[in-house]
Amino acid sequence: MSGNTLGTLFTVTTFGESHGPAIGCVIDGCPPGLALNEADIQLELDRRKPGTSRHVTQRQEEDKVEILSGVFEGQTTGAPIALLIRNTDQRSKDYGNIADTFRPGHADYTYWQKYGIRDYRGGGRSSARLTAPTVAAGAVAKKWLREKFGTEIRGYMAALGEIDVPFVDWAHVRENPFFVPNQQIVPQLEAYMDALRKEGDSIGARINVVASGVPVGLGEPLFDRLDADIAHAMMGINAVKGVEIGAGFASVAQRGSVHGDELTPEGFVGNHAGGVLGGISTGQDITVSIAIKPTSSIRTPRRSIDKAGQPAVVETFGRHDPCVGIRATPIAESMLALVLIDHALRHRAQCGDVSVSTPKIAASAP
């Protein structure tokens, strides 16, 4: 299994399985001198950890991070940063009934066909449990970007199943377990999830992420375009089936006179491009939307096959998120942060001394 590393200069390699003794990551390429401690990382992990409400998996993991290397006297040294998170609440017996069968919609079948061996306990390496190290690494990236450029990366749930969530205020996002920017809709979402759980089914979600204060010039055309790497990273999140940058698929119905964001001396007029033109950041907000499929581990009986290719009926009885999208907001934020820090370092390496006479215009015209 060779696809475990993200990035070019700022790289993150994750390791571990859902029911193994621990999970974690190694960050290489982090600039030295960044003030960093475990509390900085724990703040982000606590936003993602399981068992925080009745609407997510009831697996009780504290997700306490340990910094094993790369930090001395409270500062990064430039050496690899190893982060460890111990698993403490595995319940592998719940998965005995799927040891020889494949859950519809899950990676069980493809992992078995590719590797000829499969850790069926909690999904093994394919589990969303492995997003915790990504969030830990993202916390480091967020801190560096904030201190270097003033970049802020924020996300929210924009839709739960067929329920669209009107945006009201960023302040609401941290006040509810759904990460929605609209407190008034929370009771409706809770009732929806309660009914879904009783039915033994699951549902998908849409998450929006916005990065503000991103400097102009990040991105490496042609094949390492900023938006291409963002899409690549977002598709690396478990259960993500679609990514939009800016207007995304709505661009199909827009005319060029509408979609093209006009430039004035006072700033850009509109941001249909989502902060990226020609694969390079414009200095505007980078806007990303991801679609997350319904969780495949459900109590509803489903048709499948066993390892011998014989018909089987699969029911899953473990502790699972009925909507993995509920905890996906900090994960998507972290992925965006990891791409941005990597491209910031790449830009500095090649184009740090480039200057032009044209002034940088504002992200939006007044």
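Cβ atoms here come from the backbone N, Cα and C positions, even for glycine.
As recorded in Swiss-Prot:
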- Arg48, Arg54: NADP(+) binding site (BINDING)
- Arg125, Ser126, Ser127, Asn238, Ala239, Gly278, Lys293, Pro294, Thr295, Ser296, Ser297, Arg319: FMN binding site (BINDING)
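The structure, with features from Swiss-Prot marked on it.
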residue	record	contacts (Cβ under 8 Å, 6+ apart)
Arg48	NADP(+) binding site	Asp63, Thr131, Ala132, Val135, Arg327, Pro330, Ile331
Arg54	NADP(+) binding site	Asp194
Arg125	FMN binding site	Met1, Gly16, Glu17, Ser18, Tyr111, Asp119
Ser127	FMN binding site	Glu17, Ser18, Asn238
Ala239	FMN binding site	Ala128, Gly204, Ile292, Lys293, Thr295, Val324, Gly325, Ala328
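Secondary structure at Ser297 (FMN binding site), taken from DSSP and collapsed to helix, strand or coil, is coil. Arg125 (FMN binding site) carries a helical DSSP state (H, G or I). Following the DSSP three-state reduction, the secondary structure of Ala239 (FMN binding site) is coil.
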